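Annotated in TrEMBL:
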{"type": "DISULFID", "residues": "Cys133-Cys169", "note": "disulfide bond"}
{"type": "DOMAIN", "residues": "209-271", "note": "domain 'Lysosome-associated membrane glycoprotein 2-like luminal'"}
Amino acid sequence: GFFQSYAVEVDIKDASNATCLYAEWMMRFLIKYETNSSDYKTAALNLTSSVTHNGSVCGNDTQAALVAVQFGEGHSWSVNFTKTNETYQGDFITFTYNTNDTAVFPDAKRKGPVTIVVKDTMHPVRLNNVFVCHNADFLEAENVTQVFWNVTVQAFVQNGTISKKESRCRADIPTSTPTVPPTIANVTTASTTTLSPVPTTAPKPVENPDTGNYSLKSGNKTCLLATVGLQLNVSQDKPLLININPKTTSADGTCGNKTATLKLNDGNSTLIGF
């Protein structure tokens, strides 16, 4: 759960130079690939500081809107939006990664671009509302996990002005016992405030973490069980060891036919996804 990535901001203009589609978000990709020795590795693909958005279009009543970005050595990502008379929503996400990028895939057996298409899980948003989701969202398909967070998007912008009316994702809506909404982007800064000041003498060793029992249900059946003690070793200016307390940690996620996602939220701005 501890990583950094660049934010993407796309502001698409129409023929009159007015904003018709706006999006700002952060994302990261975890890609399982086969190596030359026929075993499998997982590569982490982050956005670079240089991102283009060629091919993005505004959309209208008959044509879908499209956000398309290109980054790194031949990688690209896009999502199209459709609308009704009252709402708009994401339709399909298309992601292409290029295993010729030896910095990310140094020993890939298969060379060249690989494209996957997945249905967007975004719920319908009222027209003239901006969709906001700070919490992390995970999409898994074909050996690729896509992670999104700090998302702000409005398709089919009216009168060239981004709306001040927000539609929040479900994960951002406080429960009956509110906690600080976790975002992957703020984990590294939040962790530094939870620890005591570094003593001048040798630090006391951190005890082993308590073991937690976490489970997920699909309908009325348990589909995932995890019994695990978690300790995070974070390398910043100085190494930080953080134990995850199972008494204050909640489990969420999904079970599929071929993949399952377990998300643990410790209620203190730390979100860990398996």
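Any Cβ shown, glycine's included, is placed from N, Cα and C.
Since we're looking at a predicted model, the values are computed, not measured.
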* Structure fact -> Listed in sequence order, the residues of the same chain lying six or more positions from Cys133 (disulfide bond) whose CB sits under 8 Å from its CB are Phe148, Trp149, Asn150, Val151, Arg168, Cys169, Ala171, Asp172
* How many other Cβ atoms sit within 10 Å of the Cβ of Cys169 (disulfide bond)? -> 17
